[in-house]
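I have placed the structure first, in the form of structure tokens, so that the comments after it can refer back to it.
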Amino acid sequence: MADGKAGEEKPEKPQRAGAAGGPEEEAEKPVKTKTVSSSNGGENSSRSAEKRSAEDETADLPTKPTKISKFGFAIGSQTTKKASAISIKLGSSKPKEPVPTLAPKTLSVAAAFNEDEDSEPEEMPPEAKMRMKNIGRDTPTSAGPNSFNKGKHGFSDNQKLWERNIKSHLGNVHDQDN
């Protein structure tokens, strides 16, 4: 991963397999390095741009060589500082809001529909009243889901109606003959 980083330089001498890279070797040759966190792959750094530029400027100046032990603890110290900074931010940036008290409900159903008790109910025309009134068998309109086969004289069975008409005609004819 660190092969393509711009700020890293590789040492000119290859390290021996048995040699430990201690502070003595760093004293011989200063090497610019950037700390890379393994948790995020080096993509997002928690340091700000100001801190990075300040460290880069101080790294350019000849100073005492840094010890490797600092690098070992740098990752752990960054995470602890980050965690404490988060807890401070959460505690200080969240002001306590007063609990809003609910207003007592004064609305009733009539108020919700803007119905005034003083106003008179709407007058219906007599035609509409007559259509809505149920007169029984003589209901003028056959409307609704249960009004199949309902005529002006109520529910009718055509077969029975035909039989009644035949009997009445026969009765009339029989009476006329007498």
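Including glycine, each Cβ sits where the backbone N, Cα and C put it.
According to Swiss-Prot, the features are:
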type     : residues : note
COMPBIAS : 1-15     : compositional bias 'Basic and acidic residues'
COMPBIAS : 139-149  : compositional bias 'Polar residues'
COMPBIAS : 160-178  : compositional bias 'Basic and acidic residues'
MOD_RES  : ALA2     : N-acetylalanine
MOD_RES  : SER53    : phosphoserine
MOD_RES  : LYS64    : N6-acetyllysine
MOD_RES  : SER77    : phosphoserine
MOD_RES  : SER87    : phosphoserine
MOD_RES  : SER119   : phosphoserine
MOD_RES  : THR139   : phosphothreonine
MOD_RES  : SER147   : phosphoserine
MOD_RES  : LYS150   : N6-acetyllysine
MOD_RES  : LYS152   : N6-acetyllysine
REGION   : 1-84     : region 'Disordered'
REGION   : 134-178  : region 'Disordered'
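Long-range contacts of the compositional bias 'Basic and acidic residues' (160-178) within its own chain (CB-CB distance under 8 A, at least 6 residues past either end) are absent; none are counted. As a summary of secondary structure, the compositional bias 'Basic and acidic residues' (160-178) carries 18 helix, 0 strand, 1 coil according to DSSP.
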